[in-house]
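Q: Can you keep this structure in mind? I'll have questions shortly.
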């Protein structure tokens, strides 16, 4: 049963359960317990599962560890502390693991000194175990295991099949999952949930402690953390003190009219604002949504304000930079040496980066929870305000960010979705279970169903994965995919096959697929990585930006690029990076705002009245409200406002007589991707004609030289048939091929590493396509193929909410209004311009939108 913690304990009550040495250390170090600690420590001490959601600087880590350290101290004081693991701390980041080890050193050494003062020798060990741990360190851990083991989800699953170390896990009483919100919504979390159930089966009940940033609904994350006990929901207390920190958030529109302004004016205003914000604060963290955006901001600030910024006081931080450069950036931040750091997503999670007094979000982060998480990196101490500024870049961005601002200030957060019944991850874990020891088939299924992610796993899907692993698809041997387990149906058991099972498992586990990237070296030092596609475009003498610095390309050998430092104007790299999708919940809030605005115009409200409403409702200033007002007014007068109750379908003829149909379906890119592909498939089947698709968060368009019947094709889609139509639309696409390669790697159909050799991503891709074709012809319901389809439709796209949209239309809750326009309506500008991204520079795209805007103004005046 999941319950919210209502009781806050007194300091005296908490000190009474702490070992005297631990209590003494705490009194010397802190004035008092934080709210999170008052709510959680007593129940962790009692062995209850707890999920803590609290802001940065609220003592979350100590909340989890204090009673554990106290219990270990008591065991050591009584001479009962064994040489084995009592607590496992799991985080998604190796850097966070290293932070935690450093942060634990202070209390453990201080408590050790207090004990020594009483003539007692206290040794509580902690250690980090990740893929970076050396063989020497691993050997030491076997002889002297840490009492607190700090690790990652992937390493935990390896330790579960390591025979000698498994014995050291038999005393585990506590598991802490940090940054649980960043694991719960992806396959790393699914993988971890099964590892926790396997650990529970090995050692018996243990206390589960989850630490989370602001997330909704907390009940779902709590269920993900604790799972089930053979059909019954395990108990968990939710400690929610995410409200504690005061928020200082504002939205900045760089110019008075974001459409009428030319690109140079917008660029100048944008960087002047960024410069002023940085100058007014000690340390500023700027978030962009792409790595290319990160590089561009660093380069522009240094080139526009050379007297203020150099390599010594502003740096970039993103996943394509080398580990050494990322660590250098983090260390300089901690020491207060940087004025500003620009990041894409790599600094969102809670690694220790010292004092940040301002966070700037450059353009929409696409969800309220991500905005709060990023802004929460500022004001590290509990009673300091989290200060954030959202700088917008166009009118769609302005509306989106205004709703993010409103929801953030009002505490309305998007829902988290936890993937379920992932058959590739299941295959990996069944193999791991078989390596541990032979299992009863039914008992193994019961243990698997204890995971929240597999609570509804069908027996049919489970047996199909067993069948694949047992080599019952004998034809796969022709493609070098061999049986990994044996199954005895008479005895109802399965177990491992082969002497290399443990090696194969340990070197191929995990859920993060290998990506194509080339190493960039300057003078023998690795400075970062670039995408393979980008490397192929480089010619000798080309210059590009990496880590905020300019390099000249000399040559490439294999997957290594040789460069030298350069100066002058660079070519900003077009990194391959999936854009962040707009959350469905936020999309609906924007649609509701559109509906309210539509009503205001229909009832003839005055400009002043509507302006007052916008400023009050969205918490924005007059400049932002004016741009929003004009944007909606133009759309209303020209074509009508699409909203939660009305989907506009806009027909117009473009350059050279090309036909366009724009669907104003503001439901986020993931929903629109699903619907648009299904519509395009129906058109192709009906008219034997391929159509061009362009998809955004705000809608999608179809384009063709001739008749398409787009609306007719859309009306053919029903809630009941969308999944089947989309399944057919996805077959033989690069999207499915890519996802199948990832799933086949997780399910160990494609071995990324074998006997010390690593298979390149290129070879994996080729092998994936061969296997996809083979299994499609062998059995259309092959479990890993089914999983690849599920991943595309449910995780990459959002078919569930796409079906909801079709239900609204079927039930009459949303009407479809067809319109014909000479020029695309204002709400369609960005979507239409997006289709020209490959042939238009950014400045030309802005100019294209400005010209369309002027044409609309002229049309309205007629």
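Keep in mind that glycine also has a Cβ here, set from the backbone N, Cα and C atoms.
So Swiss-Prot lists these for the protein:
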type: BINDING; residues: 37, 60, 61, 178, 179, 360, 377, 380; note: ATP binding site
type: DOMAIN; residues: 41-233; note: domain 'Helicase ATP-binding'
type: DOMAIN; residues: 269-424; note: domain 'Helicase C-terminal'
type: REGION; residues: 425-513; note: region 'WH domain'
type: REGION; residues: 514-862; note: region 'Domain 4'
type: MOTIF; residues: 178-181; note: motif 'DEAH box'
type: SITE; residues: 512; note: site 'Wedges between bases of the loading strand'
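Locate each feature and note its surroundings.
A: Counting Cβ atoms from all protein chains shown, residue 37 (ATP binding site) has 29 others lying within 10 Å of its own Cβ. The secondary structure of residue 37 (ATP binding site), as reduced to three states from DSSP, is helical.
Per-residue pLDDT, averaged over the domain 'Helicase C-terminal' (269-424), rounds to 90.
Long-range contacts of the motif 'DEAH box' (178-181) within the same chain, counting only residues at least 6 positions beyond its ends with a Cβ under 8 Å from a Cβ of the stretch, are 51, 61, 64, 89-93, 96, 100, 189, 210-213, 215, 221, 224-225, 349-350, 369, 416.
The Cβ neighbour count for residue 512 (site 'Wedges between bases of the loading strand'), using a 10 Å radius and every protein chain shown, is 13. Following the DSSP three-state reduction, the secondary structure of residue 512 (site 'Wedges between bases of the loading strand') is coil.
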Q: When a 10 Å sphere is centred on the Cβ of residue 178 (ATP binding site), how many other Cβ atoms does it contain?
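A: Counting Cβ neighbours of residue 178 (ATP binding site) within 10 Å gives 25.
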Q: Tell me the coarse DSSP state (helix, strand, coil) of residue 61 (ATP binding site).
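A: For residue 61 (ATP binding site) - judged by DSSP and reduced to three states - the answer is helix.
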Q: Which of the listed binding-site residues (60, 61, 179, 360, 377) has the least company, meaning the fewest other Cβ atoms within 10 Å of its Cβ?
A: 61
Q: At the Cα level, what's the spacing in Å between residue 61 (ATP binding site) and residue 512 (site 'Wedges between bases of the loading strand'), rounded?
A: 26
Q: Where the distance is taken from Cα to Cα, which of the binding-site residues 37, 60, 179, 360, 377 turns out closest to residue 512 (site 'Wedges between bases of the loading strand')?
A: 179
Q: Work out, from DSSP, the number of helix, strand and coil residues along the motif 'DEAH box' (178-181).
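A: Tallying H, G and I as helix, E and B as strand, the rest coil: 1 helix, 0 strand, 3 coil.
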